[in-house]
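Student: My structure is below; once you've seen it, I'll send some questions.
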Amino acid sequence: MFCFQCQETAKGTGCTVKGVCGKEETTANLQDLLIFNLKGIAVLASKGKAAGVDVIKESGFFVAQGLFTTITNVNFNDANLIEWIKKAQEFKKGLKSKIEGKVSGALDDSALWFSDDEASYQEKAKTVGVLATENEDVRSLRELLVIGLKGIAAYADHAAILGVEKDEIYEFILNSLASTTENLSVDEMVGWVLKAGECAVTTMAALDQANTSAYGNPEITEVNIGVGKNPGILISGHDLKDMEELLKQTEGTGVDVYTHGEMLPANYYPAFKKYAHLKGNYGNAWWKQNDEFESFNGAILMTTNCIIPIKKKNTYQDRIFTTGVVSYPGVKHIADREPGKAKDFSQVIETAKKCAPPQEIETGKIVGGFAHNQVLALADKVIEAVKSGAIKRFIVMAGCDGRQKARGYFTEVAEKLPKDTIILTAGCAKYRYNKLNLGDIGGIPRVLDAGQCNDCYSLAVIAMKLRDAFGLGHINDLPLSFDIGWYEQKAVAVLLALLHLQVKGIRLGPTLPAFVSPGVLKVLVENFDIKPIGEVEADIEAMMAGK
Ligand code: SF4
Ligand code: SF3
């Protein structure tokens, strides 16, 4: 195996025997083979479209879901991945028959490969993985694109589930994925990567539209972090449709619902706040789940990443459920919706009823709900505070959290930033500082949480509105710095989106991506002044000086 897609990759270079995330070699190989098949679909669909056979929507949705299941901490299940590989081949067959005789020229092996022989999958996978591309810079650019596409695909899938689909997003995913099978020049490949940033913005905007039109605009909310007396269900991941259906189905059952990790922002939506049995948020970011799922005592529902391997000492294997593209061996899976129907969460609810109430691990409240609509409602106050000098600078500290000790950097930055700064956040990175008592500036909390990682889109909207309010030419002219933590592939999509918006001088940590080769890094540094995080004090000083 060779996998270097996340920040915690072994030795900062690549996992080669087993993932640091716990992914087995066989699983990593099957994911490579699935991506190879998705590339084949992309090749066939793009060629078909060029020849006038439009299969973009169906292919785009399939490929988006397939890419999503290969994101870090989504799918650890070999049997499920084998099913995916078979489904992808069926899909290719269907496409081939539709475009037969209409397209000319040779097709890439990824479009032509078919095999029912599961025993051969591991060997085939070894020939089509990341290392199949020998040149380091070409590999880096191809993987930067595929990894960014995984993030885009996840957001596109969420939007589609809520009924918002855009052909331009699917077409980009398919065409750009197909481009990774071609021998392109470095400039052409850089072009695809930068265009992925544009597509990431379009996709996050589509998801924002999907979320807010279904559930209203997030609003300032105090979220309880203690527990009640009833048994509970802990829902994690990013899927708001699952959240909606779970809340409806648990109403009046005596079972409470709590959010975990990236589901915390569900508490900010008007449509969910009306449920009295949505009790609040339990615990922290994904990587603490082995302990927190244990003490939660109740049923757990994983709607997307991040699920992590269940340890031998853990006892929650029988009360955790997966759904959607998440899969874990031996864990019960809640099936997809049938057309026009909701998912059936009754198994999860029945399990919860038999469980003890959650054990309290903390008490108090956290405040969030500062997505674009809410912040813009406060715009006058914010603008006034900037003009009067009460707010000197905004620091965007969005992104992911992770296990590494070095992430203490983000806590320290939050603690040591001057008191006249505001932290803008989104994603699970916030758990490094959202329970610190950092105070407020004239009633504006010093940590403004916009929501999930995809709600970084909100932060961009806020920045653009501030730019306009101050009559500036570009968001880079604002008193605004970016100090981003990343872990998995959605954060890469967000990063590419920021680059598309021409944001310069982003600090990225705790380490730079292993999939960015020295040659590609040079391009990023020259064009965008991207830099690794450094020492806390020095970084704060530099950011405060606008550097
Ligand atoms: Fe390693 Fe990250 Fe890949 Fe897991 S997802 S195998 S930790 S690089
Ligand atoms: Fe977190 Fe997994 Fe990235 Fe959506 S839940 S931000 S790491």
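We number each residue from 1, going along the chain as drawn.
Every residue gets a Cβ built from N, Cα and C, even glycine.
Keep in mind that this is a model prediction, so the values were computed, not measured.
So TrEMBL says this about it:
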type: BINDING; residues: Cys3, Cys6, Cys15, Cys21; note: [4Fe-4S] cluster binding site
type: BINDING; residues: His238, Glu262, Cys306, Cys400, Cys428, Cys453, Glu488, Lys490; note: hybrid [4Fe-2O-2S] cluster binding site
type: MOD_RES; residues: Cys400; note: cysteine persulfide
Student: If you measure His238 (hybrid [4Fe-2O-2S] cluster binding site) to Cys21 ([4Fe-4S] cluster binding site) at Cα, how many Å is it?
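Tutor: About 19 Å separate the Cα atoms of these two residues.
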Student: According to DSSP, collapsed to three classes, what secondary structure does Cys453 (hybrid [4Fe-2O-2S] cluster binding site) have?
Tutor: helix
Student: Could you measure between Cys453 (hybrid [4Fe-2O-2S] cluster binding site) and Cys21 ([4Fe-4S] cluster binding site) for me? Cα positions, answer in whole angstrom.
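Tutor: Cys453 (hybrid [4Fe-2O-2S] cluster binding site) and Cys21 ([4Fe-4S] cluster binding site) have their Cα atoms 20 Å apart.
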Student: Given the binding-site residues Glu262, Cys400, Cys428, Glu488, Lys490, state which is nearest to Cys6 ([4Fe-4S] cluster binding site) when distance is taken between Cα atoms.
Tutor: Glu488
Student: Given the recorded [4Fe-4S] cluster site (Cys3, Cys6, Cys15, Cys21), which additional residues of the same chain have their Cβ within 8 Å of the Cβ centre, ordered by sequence?
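Tutor: The answer, listed by sequence position, is Phe4, Gln5, Glu8, Thr9, Ala10, Gly19, Val20, Lys23, Ala28, Thr72.
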Student: Reported as an integer number of Å, what is the Cα distance between Glu262 (hybrid [4Fe-2O-2S] cluster binding site) and Cys21 ([4Fe-4S] cluster binding site)?
Tutor: 18
Student: Long-range neighbours only, meaning 6 or more apart in sequence with Cβ under 8 Å: which ones does Cys428 (hybrid [4Fe-2O-2S] cluster binding site) have?
Tutor: Gly261, Glu262, Ala285, Trp286, Cys400, Asp401, Cys453
Student: So what sits near Cys306 (hybrid [4Fe-2O-2S] cluster binding site) in its own chain, CB-to-CB under 8 Å and at least six residues off in sequence?
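Tutor: Once residues fewer than 6 apart are set aside, Cys306 (hybrid [4Fe-2O-2S] cluster binding site) is near Thr72, Asn73, Val74, Ser236, Gly237, Gly261, Glu262, Trp286, Trp287, Gln289, Glu488.
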Student: Can you tell me which of these binding-site residues sit near ligand 1, meaning the Cβ is under 6 Å from at least one of its atoms: Cys21, His238, Cys453?
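Tutor: Checking each Cβ against ligand 1, the ones under 6 Å are Cys21.
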Student: Measure from the CA atom of Lys490 (hybrid [4Fe-2O-2S] cluster binding site) to the CA atom of Cys3 ([4Fe-4S] cluster binding site) and give the result in Å, rounded to a whole number.
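Tutor: One finds 16 Å between the Cα atoms of these residues.
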Student: Near ligand 2, which of the binding-site residues show up if the criterion is a Cβ under 6 Å from one of its atoms? Options: Cys21, Cys306, Cys453, Glu488.
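Tutor: If the test is a Cβ under 6 Å from any atom of ligand 2, the answer is Cys306, Cys453, Glu488.
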Student: Measuring Cα to Cα, tell me the gap between Lys490 (hybrid [4Fe-2O-2S] cluster binding site) and Cys21 ([4Fe-4S] cluster binding site) in whole angstrom.
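Tutor: It is 16 Å, counting Cα to Cα.
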Student: Whose Cβ, among the binding-site residues His238, Lys490, has more other Cβ atoms within 10 Å than any of the rest?
Tutor: Lys490
Student: Three-state secondary structure of Cys21 ([4Fe-4S] cluster binding site) from DSSP?
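Tutor: Its secondary structure by DSSP: coil.
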Student: Take the Cβ of Cys3 ([4Fe-4S] cluster binding site) and count every other Cβ within 10 Å, whichever protein chain it belongs to.
Tutor: 27
